[in-house]
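*Asks:* Please read through the structure below; I'll follow up with questions.
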């Protein structure tokens, strides 16, 4: 006997209970309506740091995965899914394996400018035979990567410029984010106005580059000057970056060359000096040429540095005047920083000319008029000395003539006075008791016919005269001799008179027998 089945009247209530039970189970499982929430609209992070992108759900149904994307549309990039795969630098914040976990936030480490963009948290429904279907997406979180700009690099012209030349300098920096940035130029503390400044790209990008150009007018005092490019950005905390260009690497100051003569060390030697002043850089070569032929080659090593950064160099060249019979042209040739040579010439008179003039003279081909001023001054001084010497000699001559006129003893100018002179001499001889008495007489002899000129003879003469005196009371005759010693003849200078008179002095020694 078969068991009896449920009565048909009881089947309806049973099905109703099953449907109610299923409805209650579904309501408890889903809880709330599905909603994907990304609380932050944007976050900023410095390059190299970490950031967290938050995402929460209100329900896990329908069943399906949750994924993170950067960007929207077909070109969006999958960043992370919670399927257990390994993704460098990205991790989930919560443990998604726990029952009823609703937190699907992620952490990005070591952020780079390439990580900038808008990130979306997306809920999918798993399909049985078809691909998963996107159900809902969060509002998106934009990540701003604060990337510091690279240190500015300043570049200048390839070749050195000269004073008063205009040269351009360029400053570049890259890899910064966000796009806003400030760039300024300075020279020796004074701000310069740039010719052009550009930031690329013009639209949105993960990082940006900046380039700026400025024009500088060089001058000879710029050897120690600097051109500075200053970059300010939000990531630098009010400490701008600077790029520096030393103008000493971009300027050339040519030397001023002078050739001068120093005081001679002897009558046959002259020092020539070649000075190269205020030049930069220190690359210098100096060559001495003699009549166009190389005489000496200098490679300076010990240069004198000026306070403005330029250099000086002095080269000495000793000239032996006795070795040159003709005029010689000496050339100082200066080659600086592989530029055309600068030459200065200096002409030196030969030994034949200099011996006639008493000293060696030089004539610089460059403007050396100060040497002539020295010569003129010396000449005037010498002329004054000559005039003074002539005046002194003239006064001395007059005094000598007056002295001769005052010391002259008795002068006899007429021939008939000779007899009286003889009588006076005889009287003097008779009155003399000492045989060695010396008598001085001024004999002005009568003028006779002018003798022919003859060669000068010594002034000291010794003459002997025999003088016979008159009879004396004694029986024997007395013979007296006179020794005329040290006769000095003094002739006067020619005068307007026809013939000048002259006087003779004699020393008479009388010997009595």
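For all residues, glycine too, the Cβ spot is worked out from N, Cα and C.
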*Asks:* Test of record reading: of 54, 110, which one does Swiss-Prot tag as N-linked glycosylation site?
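*Replies:* Record lookup in Swiss-Prot returns N-linked glycosylation site for 54.
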*Asks:* Examine the ranges 432-437, 444-449, 450-455 and name the one recorded by Swiss-Prot as motif 'SH3-binding'.
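*Replies:* That would be 450-455, the stretch labelled motif 'SH3-binding' in Swiss-Prot.
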*Asks:* Which of the listed residues, 92, 297, has Swiss-Prot annotated as N-linked glycosylation site?
*Replies:* 92
*Asks:* Where Swiss-Prot marks N-linked glycosylation site, which residue is it, choosing among 271, 460?
*Replies:* 271
*Asks:* I'm validating the feature mapping. Which of 353-373, 374-394, 395-415 is tagged transmembrane segment in Swiss-Prot?
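*Replies:* Range annotated as transmembrane segment by Swiss-Prot: 374-394.
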*Asks:* What range among 456-459, 464-467, 468-471, 472-475 does Swiss-Prot describe as motif 'SH2-binding'?
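*Replies:* Spelled out, Swiss-Prot records motif 'SH2-binding' over residues 464-467, not the other listed ranges.
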*Asks:* Of the ranges 477-480, 481-484, 485-488, 489-492, which one does Swiss-Prot list as motif 'SH2-binding'?
*Replies:* 481-484
*Asks:* Which entry in the list of glycosylation sites, 209, 271, 302, has its Cβ near the fewest other Cβ atoms, using 10 Å as the limit?
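*Replies:* Minimum Cβ neighbour count within 10 Å, taken over the glycosylation sites 209, 271, 302, occurs at 302.
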*Asks:* For the domain 'Ig-like C1-type 1' (149-248), how many residues does DSSP put in helix, in strand and in coil?
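*Replies:* Split by secondary structure, the domain 'Ig-like C1-type 1' (149-248) comes out as 8 helix, 53 strand, 39 coil.
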*Asks:* Using Cα coordinates, what distance in whole Å links residue 205 (N-linked glycosylation site) and residue 320 (N-linked glycosylation site)?
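*Replies:* The Cα atom of residue 205 (N-linked glycosylation site) is 79 Å away from the Cα atom of residue 320 (N-linked glycosylation site).
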*Asks:* Let me check the 10 A CB neighbour count of residue 168 (N-linked glycosylation site). How many other CB atoms are there?
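*Replies:* Step by step: centre on the Cβ of residue 168 (N-linked glycosylation site), count other Cβ atoms within 10 Å, giving 12.
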*Asks:* What's the most sparsely packed of the glycosylation sites 205, 293, 320, counting other C-beta atoms within 10 A?
*Replies:* 293
